[in-house]
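**Student:** Feature table excerpt (TrEMBL):
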BINDING   A:21, A:79, A:119, A:429  (6S)-5-formyl-5,6,7,8-tetrahydrofolate binding site
BINDING   A:227-232, A:246-252, A:271-274  GTP binding site
BINDING   A:231, A:252  Mg(2+) binding site
DOMAIN    A:216-364  domain 'AAA+ ATPase'
C-alpha cells in the first residue's frame, strides 16, 4: 500500500500557528486516531488532539479534511493547525510517526504526489517550486502565473493545434485513396500556412525575456581597471561590506557575487578583478580570466573606466567613478554617469539607469516566463515546425514537434492524435 | 497416424495458416485443425489484400517467407499501389484477389510444406495439466491431439452471433458454425473477454450492374508484385469501378435506422471507427452529400461483386433499396445481404509480447481473437505466434520485434500494452518510425531476423543471400563514386553548378536527383533489380530524417533493457493512481520502456516504478 506522508508545512517554530499536512490513504485514519472523529470535509473544525496510545492531551487545534481525489495532492489529505510552539509541534509529530504506515515526507513529496496524480503537470510543478522560492515581488507574480497553469494552458493550446494538423496530415496519408478525405494540393498549401502561423506564435513566446533572469537575477557586472572603485561602488549599492575594499589595486582577485533586490526586481551584482596588462602573477591572471568570462555572460556591464571603451558597449552603462576625487586625467563625456560612492552622488541616477535596462530584460510582471528546460523543449519544437511539400516530412516534423511539447508538460501519446483524427473526419470504408 | 504433435493450430484462416506454416518451416510437427478442410484459406470478407499499413504487413510476413504475399500474387486480378504519388513509406501495395485462386494457392503452399498436417475436426477444448499448462487439444470427434503449444486463431467464431435486420443467427460466417465450447472454456479460465462487432456489405450480382455509366479503375501498370518469390502477375487483370451514395441513399438509410440492430440496441459491442457501417457514416457525418463506393469483382469466373463501403446490418429490403439508389446499381441484384457479426475476443493485454497467454503456458493467440480486424493483421500475428509457439516448444527465447523494426512490432506492442476499444486495424499513423518502416524494404529489415530463427525455406534463403551481396556491393559503389555538380548539369539534371563534389549516395538526397538522373552520369544501376534501386534511392532521399530517428531509437532501446518483474505488485508503489495501477496490472509490461508507452502513464509514475524495482532488486 502507498505510504501516508506527513510534514510540517509552515515555517520553523516558534510561530503563532504551525500547520502539519498528512497525505495518503491513512490520512483520515490518522485524524480519527488523534481527534476521535472525522470532521465534515473542507470545513475548519476545532478539536482537542490526544495521543492515540497514551491518551495524553497534545493541543487544541483546528483540523481540515480533504477527501481525495479532489484535494491538493489528489489523495486523502488532512491539515492540523496547531499552536506554533516548538514542543507542541514536536510532540504531535511524534504521535503521528507512531501511527502505522505514516512516514515523514521527503522534501517536495506533496508536490510530487500532486504531479503523479495528475493534479498538476510538470510546468505547473515548476511554477509552484518557483513560487515557494520567490524572494521578490516580480518573481512571485511570475511564478504564480506558472503555478496556476498559465504556461500549461498555452502549451495545451499549441498541442491541440498540432494534434489537429497531424490528424489532417495522417488522414491525407492513410485515407487519401478512399476518397472520403478532402482533395490534396490546396490542402497541403493551407496546412503549411497553418504550420507557419503556429511556428510564429511559438516564436513570440521564445522571444520573450527568459525566466532564468527572473529566478537567478539580472547579471550586473562591475568591470574596469584596478583600483577604479568597483568594490566601493558595489558596497554603496548593497549598503554593506559585500566586497573587501582597500585602496591597494588588485584587492578583488576573484569575482564576488552579491544578490540584491532593487524595487522588486532581482539582481546579481558581480564584482570582478581589475583589468590591466598582466604582471605575470598567476592568481591575478586567473582573476582576469574570470572577469572576462563574467563580462561575457553579463546582462548589464557597469564600466568604470573613463579612458577606454567597454568590450560590449551595447550592454554597458559607462561610469565616471570617484567623481569627487581630485586630479582626474579626463573629464566625463555626455553619456557617462558621474558617481561617487563616498558621497553617494550619482547613485540615484545609476540605479534608475540599471532599472531601466532591467525592465527590458525581465518578463513583464505577471507574464509567462520560461525556464531553461521549458525553453529548450519549446525551441526544439519550434525548430521542427518546418513546412515542406512532402507530406511524409511534414508528418515527421509534426511528430517531433508534438514529442517536444509533450516533454515540456510531461504528457504524451500517439493515441491522442488518432482520437483527433477519427473525431474529425469521415474516413474509411 | 499418431496424434502427437509439437504445435497445434486451431483455425484455418489467415492467422492459422501462417502460424502452422511458420512452425513447420522451423521444423516442428504441426497439426492445423479446422471445421472443414475446404474452408481453409477462404477470404471471408473483402476480396482485397494489402493497402495502406496493411500492405506493409503483407511484405513483412513475406520477408519471413510467409504465405499471404505469394498466394496474393497467384490470385491477383487487379494491382494498385495506393499513395503512389507520395513517399514510399506510405505507399501501400494492394491487390484484388480471385477468391478461388487465392484458396487454391494457400492449399498448394500448405500441402507442399513438410511437417504440416491438416486435421478436419472441431476444436472442443484445450487439455491442461495440473499447473494449467497446455498439453494438447480435445476434438469434437473424441480424438485428443497432444502438443507442446497451441495457437488459437479462431477468428470471429468464438460465441459469434450474426445480425441482419431483426434476424439473429448463431455462427461466425454465413453457413458455418460458431466455436461455442472453446469459448466457454476460455471464459471459465477467467481470461478477460470482450465483445466486438464487424460487418460486411451485401454481395451483388455483377451481371446486373450497369458498368458502362461508372468510372473505371484499371489495374496499375508496371510489374510490381506482393512477393519477389511469387509467380509474378499470373492472372488476367480486371478493372474495378466507383459509384457514390447520394441524398436519396441517405434518406433510405435514415428511414430504416429503427430497424438496424446497431441502433435498436441489439448489438452493444464496439465496431471500428475507421470502417464504419454505412448507417454509422450517415448518422455521424450527416452533412456529407455522398460517400465513395468501390465495386470490386470477386473473381475471374465469379459474377459476385463486393461493394466496398456499404457494410451494413439493415434489413434486406432496405439494403436492396439503398443499393439501387446509386448510379449504375439501379437494377442490381443482391445475392447475399450484408450482415453484422458480434463475437468474443480476448483482451490482448492478457498476452505477453510473444503473443503467449500469460495465465496458460503454451497457449498462443493470433488474429481476430485478439481484437484485430483484417487479413493482413491476422496473418502477421499468426506468423509471430507460430514462431514463438515453436520457440517455446523447443525451449528457445521468443522473437520480440520492437516498434522500430516493423509494423508487426508496432501492432503487437499496441495490442499487448494498450488493449483495444475497437477492432484494431493497421495504419501507417501508428508507426512513429514510419520513415524507415517501408513496404519496399521489408526484406532488408527483417529477413536476416527470419533467417536467424530458422523460418526461411531454402528458395527464400538463396534469394535473400544473393540480394544482400548485390545490395552491399551497390551501396559501396554509390558511396565511393563521387560526381561533380557540373557533370550532372551537363547531363541535363537540374542542380546548381557550384563546383561541389559528392558521392552518388549523397546526391540522391537532392530533390532533382533520382535514380534516372544517376543513370545519366553513372552505370552503377545497370542490370540491377529496379525494386532494389528504388529502395536504396528512398533510403538516400530521407537519410537526414532517418539519422534523426536512429538517435531517438537508440534512446528507446536503452530503456528497453530495464526489465520489470512480471509479478510486480503495482499497488505497493507509492504515487500510482488507481487508473495507472489498473492499466499496468492488465498489461504487465515487460520493460520500463513498455510501461512508459502505456497510455496515461506519466514520466513521474515511470520513475516511481523504476525506483521501486531497484529497491526490490537491492
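A Cβ is built for glycine as well, from the same backbone N, Cα and C atoms used for every other residue.
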**Student:** Select the most exposed residue of A:227, A:231, where exposure means the fewest other Cβ atoms within 10 Å, treating these as the binding-site residues.
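**Tutor:** Among the binding-site residues A:227, A:231, the lowest count of other Cβ atoms within 10 Å belongs to A:227.
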**Student:** Specify the nearest of the binding-site residues A:21, A:79, A:273 to residue A:231 (Mg(2+) binding site), where nearness means the distance between Cα atoms.
**Tutor:** A:273
**Student:** Which of A:21, A:119, A:230 (the binding-site residues) has the most other Cβ atoms within 10 Å?
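**Tutor:** Its Cβ has the most other Cβ atoms within 10 Å: A:230.
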**Student:** Is residue A:79 ((6S)-5-formyl-5,6,7,8-tetrahydrofolate binding site) helix, strand or coil when read with DSSP?
**Tutor:** strand
**Student:** Need the DSSP three-state call for residue A:231 (Mg(2+) binding site) to compare against my parser.
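**Tutor:** SS state of residue A:231 (Mg(2+) binding site) = helix.
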**Student:** Indicate whether residue A:119 ((6S)-5-formyl-5,6,7,8-tetrahydrofolate binding site) is helix, strand or coil by DSSP.
**Tutor:** coil
**Student:** Using a 10 Å cut-off on Cβ-Cβ distances across all protein chains shown, tell me which of the binding-site residues (A:79, A:273) has the largest neighbour count.
**Tutor:** A:273
**Student:** Taking just the CA atoms, what is the gap between residue A:230 (GTP binding site) and residue A:79 ((6S)-5-formyl-5,6,7,8-tetrahydrofolate binding site) in Å?
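**Tutor:** Cα to Cα, residue A:230 (GTP binding site) and residue A:79 ((6S)-5-formyl-5,6,7,8-tetrahydrofolate binding site) are separated by 51 Å.
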**Student:** Give the three-state DSSP assignment (helix, strand or coil) for residue A:273 (GTP binding site).
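**Tutor:** The three-state answer is coil.
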**Student:** I'm trying to understand the geometry here, so how far is the Cα atom of residue A:79 ((6S)-5-formyl-5,6,7,8-tetrahydrofolate binding site) from the Cα atom of residue A:227 (GTP binding site), in Å to the nearest whole number?
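**Tutor:** Residue A:227 (GTP binding site) has its Cα 58 Å from the Cα of residue A:79 ((6S)-5-formyl-5,6,7,8-tetrahydrofolate binding site).
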**Student:** Restricting to the domain 'AAA+ ATPase' (A:216-364), report the mean pLDDT as a whole number.
**Tutor:** 80
**Student:** Mind tallying the domain 'AAA+ ATPase' (A:216-364) by DSSP state, helix then strand then coil?
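**Tutor:** Reading the DSSP string over the domain 'AAA+ ATPase' (A:216-364) gives 43 helix, 31 strand, 75 coil.
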